[in-house]
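> Would you mind keeping the following structure in view while I ask a few things?
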Amino acid sequence: MKQPVRVAVTGAAGQIGYSLLFRIASGEMLGKDQPVILQLLEVPVEKAQQALKGVMMELDDCAFPLLAGMIGTDDPKVAFKDADYALLVGSRPRGPGMERADLLKVNGEIFIGQGQALNEVASRDVKVLVVGNPANTNAYIAMKSAPDLPAKNFTAMLRLDHNRALTQVAQKAGVVVADIEKLTVWGNHSPTMYADYRFATANGESLKDKINDPAWNKDVFLPTVGKRGAAIIEARGLSSAASAANAAIDHMRDWALGTNGKWVTMGVPSDGSYGIPEGVMFGFPVTTENGEYKIVQGLEIDEFSRERINFTLNELEEERAAIADMVK
């Protein structure tokens, strides 16, 4: 059996946390031979801390062979101590009458604090995934607040958009999700994201040719994927928690264990690829190997794609401007 690794999860007693923790403890994220120590953070409010205790009781009651230990805390420095993986799930949701700029600032404070704590106490190789929205900008803030950690250690979750897009394309083309390769999502985790199946194949056959419906792409597919979160809230009365947790597991598993040459989507700090300014936390097609991701290079960006990529980039630049005074 391998040595246990430390997995920190914030917002651990929330809806996504509840869908996530049992799957991490069962080995779905890091493999069936990798013991884990869960380091769980919740806000310093009695109700949240009580809820966290209850979740930890349930984790105990599963008797997971891979769960080598557990701590619950309201202190980021305790939660992130020597963490090998950190899933930053907790964030402040948008309240009634709250402007997006206010939301960015409120979350900015949270992610500055968490970035600083990671900088101080986490493993120098910590892999950080930001799930809490606005995910790209929160990840950017955490990254900027942790100057002693490599920027590449910080990522944002675009995998939910990616998975949503996979299913829509599979249903339209009459193929199964497992056969689809080379789909990606560019940009921000928001309705401006650009899901792109121009290079996608199913069993080697081009999906763009198979679907061959530009109007569907523009008027049905992109809005459906972009607004899926809102559609789920409307249907369920609650936000998508299980599918978000599933996407977080997918993102971390692929980053840690590799994709065998398959493309996945990750929000990563840009290295200047495809004209995206360096440092912007942006969804790209990537492949992963030995715990490192690489942006897929050399893809042709046609006029429609450039428009959509610029549209989502502009939103990210606006978000970055709104919190510019908060980060160096």
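Every residue, even glycine, has its Cβ placed from backbone N, Cα and C.
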> According to Swiss-Prot, ARG94, ARG100, ARG164 bind substrate; identify which of ASN133, ASN136, ASN138, ASN203 is listed for that same site.
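Given ARG94, ARG100, ARG164 bind substrate in Swiss-Prot, the matching entry from ASN133, ASN136, ASN138, ASN203 is ASN133.
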> What's the number of neighbouring CB atoms sitting within 10 A of the CB on ARG100 (substrate binding site)?
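Other Cβ atoms found within 10 Å: 14.
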> Under 8 Å between C-beta atoms and at least six apart in sequence, can you list the same-chain neighbours of GLY11 (NAD(+) binding site), or say none if there are none?
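Non-local contacts for GLY11 (NAD(+) binding site): GLY17, LEU41, GLU42, LEU88, VAL89, GLY90, SER91, GLY132.
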> Going by Cα-Cα distance, which of the recorded positions (ARG94, ARG100, ASN133, ARG164, HIS189) sits nearest to GLN114 (NAD(+) binding site)?
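So, spelling it out, the nearest of the recorded positions is ASN133.
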> Using a 10 Å radius around its CB, how many other CB atoms surround ARG94 (substrate binding site)?
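I count 15 other Cβ atoms within 10 Å of it.
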> How many Å lie between the Cα of ARG100 (substrate binding site) and the Cα of ALA13 (NAD(+) binding site)?
25
> Compute the C-alpha separation of ALA13 (NAD(+) binding site) from ASN133 (substrate binding site), stating it in Å without decimals.
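One finds 17 Å between the Cα atoms of these residues.
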> Here are some binding-site residues: GLN15, GLN114, ASN133. Which one has the most Cβ atoms within 10 Å of its Cβ?
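Comparing the binding-site residues GLN15, GLN114, ASN133, the most crowded Cβ belongs to GLN114.
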